[in-house]
There are 2 protein chains.
Amino acid sequence: MNKEDYFIQQFTNQTKLIGDDAAVVGNMVYSQDAFFENVHFQREWMSLKQIATKSMLVNISDAIAMNAKPLYALLTVAIPKDFSTSDLRKLANGFKKVAKDYGIKIIGGDTISNEKLDISITIISKSQNPIYRSGVKIDDLVCYTGDLGSCKKDLKKALKGKKIASKSKLIKPKLKGDFFYDISKYVNASLDISDGLFFELERLSKASKVDFEFFDKISSDIGTSGEEYEMLFTFSKKNLEKIMQSAKKHNVSLNIFAKAIKGSYKTDAKNHHF
Amino acid sequence: MNKEDYFIQQFTNQTKLIGDDAAVVGNMVYSQDAFFENVHFQREWMSLKQIATKSMLVNISDAIAMNAKPLYALLTVAIPKDFSTSDLRKLANGFKKVAKDYGIKIIGGDTISNEKLDISITIISKSQNPIYRSGVKIDDLVCYTGDLGSCKKDLKKALKGKKIASKSKLIKPKLKGDFFYDISKYVNASLDISDGLFFELERLSKASKVDFEFFDKISSDIGTSGEEYEMLFTFSKKNLEKIMQSAKKHNVSLNIFAKAIKGSYKTDAKNHHF
């Protein structure tokens, strides 16, 4: 078990709320994700606006995975001492643009002076019908949106000091909120792919106590590509057609790659950023 | 204007919710505070349990200042790579102890591997009657709890590499929740003293558009001592007796040091941690 998981485990006896992309209390859904320099990104890879944008999107992705509509955000931003006011405006504009796009109000947070740019965001969302990781049923079809693999490739490039295209999903995740809210009533379990498909499948397996029968072999380039922020979800076969129709309507490609069976699934893939 | 304030100002046109110790949405009160290594503390000063404890208490202090009861916490913890599982347990125990003492459920958050120990906490609270910084009325008496000054002294000692007593408020703030909830109906405006009395008075002045007439000169050792987490609040003279009675009951010392007058108050004191 890695240290992050060990630390989280210290709290899981205390509450059953830990373990999904977000915590549900009544109709409210709370998620908090860190986006730290040299942990989740390097400053050379992205503009400040892109950094702020991605930090918001990865948090909104958690809300979408829970079938929750984000309403409010708290931003804690640790700002490097050498930032100019122009830098601060660029950063703020990134946060504000995403907030506007998603109808989110930025209601507070904290700002401090630090060595590096470390962002921690809390998103407060609402859901009438939250979707959990624990909802997989035997025989469910297992599916992810979009294409996986490009983020791993781009991450490799970035780590070698090469420039990444601004349209890369590593720079700006392509969230599938409209599609996912549309099909949410047909979905049994979901989470977003932040640490790679194989790793997320292990999480799904743990939460739902199921194994997966793969229809085709999935290469490690696809299965271990993190930072994708595609949706991974399961549903009953009887809802396949409705889900396909919605995917077509929203121009989202679907990859139905496995079905849920009895057992448990483990991967050797590691949960790491870089 | 310092960079932190400049950054916050980028968001204040967007929402009126920013500017208090916490944001109020309906009955819910949300606060998020960072507690970062080498910004708010050095690891040599405190045990891991003390660090976790203080990071929780400074956040709970925000809730108390708003007259809100903390219910839930989200913890984002960036963990240094060299931490052992024993270190992680000590840290977790600090969080859990405070959570238990205050009846708070830890419902989620994020853990990442980092160079230094950086903690960011969101506290979700409830209040039927939140108190704001903007509520000061002309002729209000202005008051702080406890004694100010020791944190500045202890901070100086710590920065010189000297050991600080574990009972120091710099190690463990002495929150006045029971007292403050008790008198909340008599309080017009409040905030906690995290950056020093003079600095907090400027915040109060800005929010309420008032100046303060001091009854006695306050020394800079008292007025610029940060990290105190005492309550600063104002109230109508007619409630003085009830507040004094409650203070006696809760064994809290009160310092009524000024009254609110027309005008505006500015200090030369700087908002800085160390």
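Glycine is treated like the rest: Cβ placed from N, Cα and C.
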Identity of the Mg(2+) 4-site residue among B:SER31, B:SER55 (reference: B:ASP21, B:ASP62, source: TrEMBL): B:SER31
Cβ neighbours within the same chain of B:GLY109 (ATP binding site) - under 8 Å, at least six residues apart: B:ALA73, B:LEU74, B:LEU75, B:THR76, B:VAL77, B:ILE121, B:THR122
Integer Cα-Cα distance in angstrom, B:HIS40 (substrate binding site) to B:SER194 (ATP binding site): 11
Proximal to chain A - binding-site residues among B:SER31, B:ASP33, B:ASP62, B:GLY109, B:ASP110, B:ARG133, CB under 8 Å: B:SER31, B:ASP33, B:GLY109, B:ASP110
Farthest-apart CA atoms of B:GLY109, B:ASP110, B:ARG133, B:SER194, residues recorded for ATP, distance in Å: 31
Long-range Cβ environment of B:ASP110 (Mg(2+) 1 binding site), under 8 Å and at least 6 residues apart: B:THR76, B:VAL77
Cα-Cα distance linking B:GLU227 (substrate binding site) and B:ASP33 (Mg(2+) 1 binding site), given in Å to the nearest integer: 13
Cβ-based neighbourhood (8 Å from the centroid) of the Mg(2+) 4 site, residues B:ASP21, B:SER31, B:ASP62 excluded: B:ASP20, B:ALA22, B:VAL29, B:ASP33, B:ASN59, B:SER61, B:ALA63, B:ALA65, B:MET66, B:ILE123, B:ASP192
Separation of alpha carbons, B:ASP192 (Mg(2+) 3 binding site) and B:SER31 (Mg(2+) 4 binding site) (Å): 13
